[in-house]
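Pulled from TrEMBL:
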type	residues	note
TRANSMEM	32-55	transmembrane segment
TRANSMEM	67-86	transmembrane segment
TRANSMEM	107-127	transmembrane segment
TRANSMEM	164-187	transmembrane segment
TRANSMEM	199-223	transmembrane segment
TRANSMEM	250-274	transmembrane segment
Amino acid sequence: MKCTLNSVEESDTGVQPAGIRILRTFQMKNKLVRVGLAETLSTYVMMVFGLGSVAQVVTGGGLFGDYLSINLGFGLGVTMGVHVAGQVSGAHMNTAVSFTMCTFGRLGWKMLPLYITAQMLGSFLAAGRDSEGYAMFKFCSGNFTVSGPKATAGIFATYPAPYISIHVGFLDQVLGTAMLLLCLMALSDQQNSAPAPGTEPLLVGLLVLLIGISMGSNSGYAINPSRDLAPRVFTAMTAWGQQVFRAGNGWWWVPVAAPLVGGLLGGVVYKLFVELHHPREAPRFGGRVQKNSLALDMPWNTVKNRMSPQN
């Protein structure tokens, strides 16, 4: 694929085709802009596939998939999102991940507003796309509701099962996000069983799939504030109204606050049980110190240097 793209970019005379020259005029040199654009697009990609899988299952009445389809949609959507922006922004696609990375010094706090804005924007745009992409009007006969047999608000945001209280749901989201960040920290730990280069996107997607099929039935495993809040705001602004914030005894704040707590918990647990006990010197392979392969594990000074204007 690389060779093909390179051969298309420049002709035999060394002159770039007109189309490439036109596209080059839109090239952004500012690293902050590049990171923001990449994070927005990666989140959008993840959410389009994830919300799209929910929409097909709900509006199709079981003809176009089931609960496993939703898990696969989000898991593979995460994989594609990491491929889109992994080497530019780290493809967090999750405010809880970005917040945890800031807490442990792997991302500067000054970068957090940029990441949150990009993630919220990507999720909001994806919600708008999925509201247009499926025949929800025909499914619910124009009656857009939050609950009931023809409810469609759950396509966009998560809502608790009837047997789940706010307290239990909060704990559910804390534990789910803790498992996410614990395993992400493990995948990025080069002094542990680090994945082979190039396999990280697939493994991160499988991790999200695993959380979905094991911990998703109680409240939809949002485990991500931006994944839940932005689409919920979209539904409130459109046909569903303010009921999306009142449903589930005011459930909306739980998938926003609980993942932040869970992310920190998962990171602390991994550090206390594993990472803090590594030998000080990184293991050497073939005479070289092995580098971190996951962008989310970069020390902030490395990220800052890469983003300096002279680079």
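A Cβ is built for glycine as well, from the same backbone N, Cα and C atoms used for every other residue.
Just so you know, TrEMBL annotations are computer predictions that nobody has curated.
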Give the one range among 32-55, 107-127, 250-274 whose Cβ atoms make the most pairs under 8 Å with those of the transmembrane segment (164-187).
250-274
Which sequence positions outside the transmembrane segment (107-127), separated from its termini by at least 6 residues, show Cβ-Cβ distances below 8 Å to it?
32, 35-37, 39-44, 46-48, 51, 89-90, 92-95, 98-99, 101, 156, 226-227, 229-231, 233-235, 296, 300, 303-304
